[in-house]
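Novice: One structure, pasted below without further comment.
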Amino acid sequence: MSRPRRRGRDVHGVLLLDKPQGASSNDVLQKVKRIYNANRAGHTGALDPLATGMLPVCLGEATKFSQYLLDSDKRYRVIAKLGQRTDTSDADGQVVEERPVTFSAEQLDAALESFRGETQQVPSMYSALKYQGKKLYEYARQGIDVPREARPITVYELLFIRHEGDELELEVHCSKGTYIRTIIDDLGEKLGCGAHVIYLRRLAVSKYPVDRMVTLEQLRELVEQAETQGISPADLLDPLLMPMDSPASDFPVVNLPLTSSVYFKNGNPVRTTETPQRGLVRVTEGEENKFIGMGEIDDEGRVAPRRLVVEYPL
């Protein structure tokens, strides 16, 4: 007889985890889920095992709104090793080509400029994108190369930090879907020497405050502290969470009176004053402005429900 599935607690919000190097995003997600004893958890855009930095982990009802973080801008600090190209475009792969580093400062400036603004990027074979239902890296590990279409990306800012010997350090502010490994691989080809990533840190996601990031070790220390004090770990862990609607913070807010919100929460579009002309909105209710879900302005100017909060902490 199978054992009954253990149910976690209903905790809702977004933890800004500082992912350690060497761990997969899913591994650290599961650790956070266990530490919080959460019934649901999901991350918002995987980081490579080599990478560190901000990994927003959505708990409970916040998982419904994680898509908006997948669509948000990101900022990275990256160090590339010049003169070597690898099959994965990072230090975890095998070196497939070595060339001397001979470019000038002017050539570097020109190469960097070519990546700024709106461009097209062909994703790496070592990525989680899917082709015919299978992830690209699964094909790559079998030595199979499959066709990949170039996708539009935007590099809002590409800052030169330093060039010392065979290392080049940059800071990148980019749109969703941008692969930093691919930028470095393409840059190495433009410079004629090849390059791969040896250090990558995600500095920021959307507008989340960097000083709210916490490590797994800090979470474990809080659990131990709670046990020492004889209190629930939730008393120390839950204050670390950002609001469940924070993934959608870029969208305007529409507040509904309680007389209207009951219809909205039952799946019906409602009319209200001072709504945007179109697009998605965050919907709150009452004088407390309690978040109740995402809506979209329909053709009649009503707020139609799109994603609703089912459970909400008291």
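For all residues, glycine too, the Cβ spot is worked out from N, Cα and C.
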Novice: According to Swiss-Prot, His43, Tyr179, Leu200 bind substrate; which of Tyr68, Tyr76, Tyr137, Tyr139 is also listed for that site?
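Specialist: So the substrate site in Swiss-Prot includes His43, Tyr179, Leu200 plus, from the candidates Tyr68, Tyr76, Tyr137, Tyr139, Tyr76.
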Novice: Would you count the other C-beta atoms found within 10 angstroms of the C-beta of Tyr179 (substrate binding site) for me?
Specialist: 21
Novice: The record names His43, Tyr76, Tyr179, Leu200 as the residues that bind substrate; what is their largest Cα to Cα distance in Å?
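Specialist: Largest Cα to Cα distance for the substrate-binding set is 18 Å.
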Novice: Note down the number of other Cβ atoms within 10 Å of the Cβ of Asp48 (active site, nucleophile), including every protein chain shown.
Specialist: 22
Novice: To see if you understand the setup: which same-chain residues, six or more apart in sequence, place their Cβ under 8 Å from that of Leu200 (substrate binding site)?
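Specialist: Spatial neighbours, sequence-distant, of Leu200 (substrate binding site): Leu47, Asp48, Leu50, Ala51, Thr52, Gly53, Tyr76, Arg77, Val78, Ile79, Asp90, Ile180, Arg181.
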